[in-house]
Amino acid sequence: MAKVKVGINGFGRIGRLVARVILQRDDCELVAVNDPFISTDYMTYMFKYDSVHGQCKSHEIKLKDEKTLLFGETPVAVFGCRNPEEIPWGQAGADFVVESTGVFTDKDKAAAHLKGGAKKVVISAPSKDAPMFVVGVNEHEYKSDLNIVSNASCTTNCLAPLAKVINDRFGIVEGLMTTVHAMTATQKTVDGPSMKDWRGGRAASFNIIPSSTGAAKAVGKVLPALNGKLTGMAFRVPTCDVSVVDLTVRIEKAASYEQIKAAIKEESEGKLKGILGYTEDDLVSTDFIGDNRSSIFDAKAGISLNDNFVKLVSWYDNEWGYSTRVVDLIMHISKCQ
């Protein structure tokens, strides 16, 4: 079977890790990268060395020329276009484009990639109008005529599988989510201007920063049965990677915490294997760096007040786990054509 050919627009945190994921698989192939702000030699350096995930040792990366990188012996075209319409994806053979700039997140803007020859676009961020899919939750609803889709957010990818299990087994009446989230590139290294979010302008490495998130509400888009039943907020904390969701819910069907744990464990070993994890080990955030799964339920960290009110805790590598799901979604879509 021919490999699925993928291009990446935006070689930031997610773009580079999606590239690493693709290069580790044998069912897809990286054929092009576009980033107008990074020179080809700097791309080589940024891909090879990573402060969180370590040096990339699976593929030797070399600079062939100003417009080509070599991953092992595989050439990857490099473009530097600011306007997505101008990126020659078709010329490079890219059927799928991962839109990971964080800029072109609505359908109209992302559609510009189609003019350059791409057939499908997967946005690696939430979108206000593109249909959102979470692998393990609603990817089966994808229809082949959808050319632009969103992989939702890393937090929605963590929360949705857990919420699905709880709602399917016990019914969710209502719930609140808090994500304790690692700092990201949009935050400030020292206090600086942030007119839309004053707290967000404070130094990331020195503060716990309350923040907004649409991740819980977005679950209602991928699981319509939960629409209006969940909302949430975030705390940005001074760690570089791995975040954790606290989901506190009131459930319809009374169940002990042991019964809830058993249900999650069963699903993690069944239909959601590889997506939802389960652990009873005494783990901390760094233990999940590089974890492929979207959501790893921490059985020892949760508590219940009574048989209808429970707090559930689930970890996620907000970089690596999410990037893995981006590629999984691409492969699912490729099989629906």
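In case you wondered, yes, glycine gets a Cβ from its N, Cα and C as well.
Per Swiss-Prot, active site, nucleophile is recorded for CYS154, and the stated evidence type is sequence analysis. What Swiss-Prot lists as NAD(+) binding site is ARG13, ILE14, ASP35, ARG82, ASN318, and the listing cites similarity to another entry. Positions annotated as D-glyceraldehyde 3-phosphate binding site by Swiss-Prot, on the basis of similarity to another entry: SER153, CYS154, THR155, THR184, THR213, GLY214, ARG236. According to Swiss-Prot, the region 'Binding to NAD' annotation covers 1-151. Sequence annotations record features per position, and here Swiss-Prot assigns region 'Catalytic' to 152-337. The site 'Activates thiol group during catalysis' annotation in Swiss-Prot covers HIS181.
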Distance check, please: Cα of THR213 (D-glyceraldehyde 3-phosphate binding site) against Cα of ILE14 (NAD(+) binding site), rounded to an integer number of angstrom. 19
Distance, ASN318 (NAD(+) binding site) to CYS154 (active site, nucleophile) (CA atoms, angstrom): 5
Of the recorded positions ARG13, ILE14, HIS181, ASN318, which one sits closest to SER153 (D-glyceraldehyde 3-phosphate binding site) when you measure Cα to Cα? ASN318
Whole-number answer please: how many Å between the C-alpha atoms of ARG236 (D-glyceraldehyde 3-phosphate binding site) and ILE14 (NAD(+) binding site)? 18
Taking the residues SER153, CYS154, THR155, THR184, THR213, GLY214, ARG236, which the record names as binding D-glyceraldehyde 3-phosphate, find the longest CA to CA distance and state it in Å to the nearest whole number. 16
Would you count the other C-beta atoms found within 10 angstroms of the C-beta of HIS181 (site 'Activates thiol group during catalysis') for me? 23
Taking every protein chain shown into account, which of the recorded positions ILE14, CYS154 has the largest tally of Cβ atoms within 10 Å of its Cβ? CYS154
Out of HIS181, THR184, GLY214, which of these recorded positions is nearest ARG82 (NAD(+) binding site) by C-alpha distance? THR184
Where the distance is taken from Cα to Cα, which of the recorded positions THR155, HIS181, THR184, GLY214 turns out closest to ASP35 (NAD(+) binding site)? THR184
Local confidence of the region 'Binding to NAD' (1-151) - pLDDT mean: 94
Hey, what's the widest CA-to-CA gap across ARG13, ILE14, ASP35, ARG82, ASN318, the NAD(+) contacts in the record, in Å? 27
Looking at Cβ-Cβ distances, which residues of the chain lie under 8 angstroms from THR184 (D-glyceraldehyde 3-phosphate binding site) while being 6 or more apart from it? ARG13, ARG236, ASN318
Rounded to the nearest Å, what's the C-alpha distance separating HIS181 (site 'Activates thiol group during catalysis') and THR155 (D-glyceraldehyde 3-phosphate binding site)? Just drop the number here, would you? 9
